[in-house]
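S.K.: I have a structure here, written as structure tokens, and I will follow up with some questions on it.
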């Protein structure tokens, strides 16, 4: 029941926020959740990159190894210059939001809150986690949340226990991480947002630039054969052409207002067998004891030699 309510609650939060704050700059892992069965394509690309076209650095920190049934932190870092705003849906300057997705190995899940340490509770304050879907509890989403407060997002992760799940085995596992800052350039419907470059629809001369609806500009280009095509530029991007300018098809007619972007990476974690650790510790103890015995034996031998006057 809790898993069912989590995505519904996330949808309610996003829906209310969209209606009440249309000018805010969003990073929407939620949209990927609604449009793709899996957040990762067969090629390895995380689907967020289909809407967030700019590539930006994303980093991740996870322990090298973890024990079964233990809670550890997977930290996703989404660095960017917080002093630079971007263009909101209404054309105003707004601070960037961030979002992240962590695809854990099968069996690894978001740790239950009753197992969070005080440090984890403090580090995750203001962060809401949701599972990608009911049948993928190992895929965890965060966002959108204010980027200036969350350039590092801590994911509390619970490791599985092979002793209670026969499908889980000790060994090395891959973790896929994606991090985004700012709005996308394309909506899931395929339409451009106002956070991207607009280009000339044909080769020709800019015949007119007229005001459109909601602050948009309609740029009309006349081809050499007299054909006219128009491109509607929404409020936000700045025009870089004027009436009478010659343009090539596909050439930019606006600046690029986007300052955000998406990045992904793969990392690894080892689910360590505690018996091997105990065996290793016992081996180290045996080696240390053997060295001590050798030292004591050597000193005893030296004393005997000294007593015999050798």
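Any Cβ shown, glycine's included, is placed from N, Cα and C.
Summarising the annotation, Swiss-Prot assigns heme binding site to 28, 48, 51, 52. Residues annotated as signal peptide in Swiss-Prot, with sequence analysis given as evidence: 1-27. Among the features that Swiss-Prot reports, transmembrane segment is placed at 277-297, with the record citing sequence analysis.
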S.K.: Can you tell me how many other Cβ atoms are located within 10 Å of the Cβ belonging to residue 51 (heme binding site)?
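M.R.: I get 21 for this one.
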S.K.: Would you mind ranking the binding-site residues 48, 52 by how many other Cβ atoms sit within 10 Å of each Cβ and giving me the lowest?
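M.R.: Result for the binding-site residues 48, 52: minimum number of other Cβ atoms within 10 Å at 48.
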